[in-house]
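What TrEMBL lists as domain 'GP-PDE' is 227-481. Residues or ranges marked as transmembrane segment in TrEMBL: 41-65, 85-113, 125-143, 163-183, 192-212, 493-514.
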Amino acid sequence: MADPPGCCAACTTCLLCPYSCQWITAKKEKRKGLRTTKCDCCWFLFLFCVFLATLGWLYFAIIILNDLHNFNEFIFKQRKLWFDWSLVLLIATAVLITYSSALLVLALCLQLCGQPLKLHWLHKILLILTALVVAAAFTGLGIKWAEEWRSAQISLQATGPFLHIGVVGGMTLLAWPLASFIYRTRNTGLKVFLLLVYCTVMIAVYLAPLGITSPCIMEENQLPPKPALVGHRGAPMLAPENTLMSLHKAVDCDVQVFETDVMVSADGVPFLMHDDKLTRTTNVQAMFPERAALNSTAFNWTDLQQLDAGSWFLERKPFPTVESLSDGDREQATKQRIPSLGQALEAAKQNNISIMFDLRPENHSDYQNFVNATLGVILQSGIPLQQVLWLPDGFREQVKQQAPGVQQVYGRKRLQNEKEPLLHVNLPYQDMSSEEIRQYRQDNISVNLYVVNKPWLFSVLWCSGVSSVTTNACQVLKEMKHPIWQLPSRTYLMMWIVVDCVSFLIILWAFLLLKKCSHRRRPAESETDVLLTKINSLMQE
């Protein structure tokens, strides 16, 4: 079998060496009489499947980055070890996708050059390990972090139109090695099978936009207002969470609501703290080592005021943005202490922003006293009650009676037989579809979704019409003046038609060109076969 034009011996040797791990030239390959066997084809198919799996995991890894800080916190609670696992995730994923894609490109180039696909045993082992790692990653994701599957579904609303273009491009490029193989093989059944499979896949890909829906496919004048920003524990990428510094940084990011968590000390002082224990965000292990494992509510206010609530931020670097802090911000962070709810309310009143909070822990035996203490501080603070957003469900009726001006925010969807209409809901962004968001908006129900950090996700929710989002990255979302993309339906339809037509013409050209090249090679191959037959006959005589 002759090499196609433009595929020199040096090129084929360079392709064979990394794929087969054998330093032999194309001519030696021919003299050895090596051919691609059925087993080699099976390994190529396995390679292609592993590549698709790693590509899928790369997509998931990018989506997971929006919520990975929650995973870092979860690991810390379990292992008492803080580490930015996004680095591990991205590096491991990059290695897997680079390896599998490099092998696939080598295999396709070898096929175009008419060389045997003799995959080395070391590559076979590494491919199996890659498949096992990706399978384990998907399995673990499904078991421990199932809500990320819903995140992936939402992400398709942002990436679907562009994924379609990418898939069309990839399948179009695949036409070249496929046509080369079809014109070389003499197995008619295999030819028909491959062509049918390829044509079926291409038709499905061409028609895929019929099933793609995105809230960002709309006219410019239909775009809803930009969602308001709610600072998740303040601005935790710029300052230690749940501190006054974090609140002021959030104000600088134009947030309208400061979201926090409230606990009540042993002597009845409400203070800002998210975790049940103080170990992650304070130096309690250094100050009170014998009491470090106790619940946050077991400490009195005097002890809590002695704790450093900022140095951990500089030491553990929970976000990459910590590296870019100014010297002044670093010094200010080291001076942070645990603020009381009264201090936070005073800061919110001065800066004219609202404050929304959970009261933890809700299963505490003294929870009613926690509610009373918290309400007392709110009423004494002098903050306008409409600036206070109450999240806890416990003793909500009591709160309505004692502080009727406080805005009640519910962590659930509305019910069919709702006695009192909901005005505000606060839910994970995975729990509401674009259709539900639009319906709530039409019914004048304010919808806040959490936690939204990435611009792609913010864009989808913006186009859907969400009222506000809780975010760690207020400094990023503040700068967005428009969704990442927004297309009129007619423009998207034109893109779809043009991409599909161009792809079809390129595929048609690839098959016609390679057919012409194969016809040119056949006379030369026939003459060579006749000459070899004559030489063989003479040698036998």
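Easy rule for this one: first residue shown is 1, then count along the chain.
Placed from the backbone N, Cα and C atoms, the Cβ positions cover glycine too.
Computed from a predicted structure; not experimentally measured.
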Confidence summary (mean pLDDT) of the domain 'GP-PDE' (227-481): 96
Other parts of the chain folded back onto the transmembrane segment (163-183), taken as Cβ under 8 Å at six or more residues beyond its ends: 4, 108, 111-112, 114, 156, 191, 194-195, 198, 201-202, 205-206, 208-209, 212, 495-496, 499-500, 503, 506-507, 510-511, 514-515, 517-518
Cβ contacts the transmembrane segment (125-143)/the transmembrane segment (192-212), at least three under 8 Å, sequence gap 6 or more: no
Distant-in-sequence neighbours of the transmembrane segment (192-212), which means Cβ under 8 A and at least six residues beyond its ends: 156, 160-161, 164, 167-168, 171, 174-175, 178, 181-182, 492, 496, 500, 503-504, 507
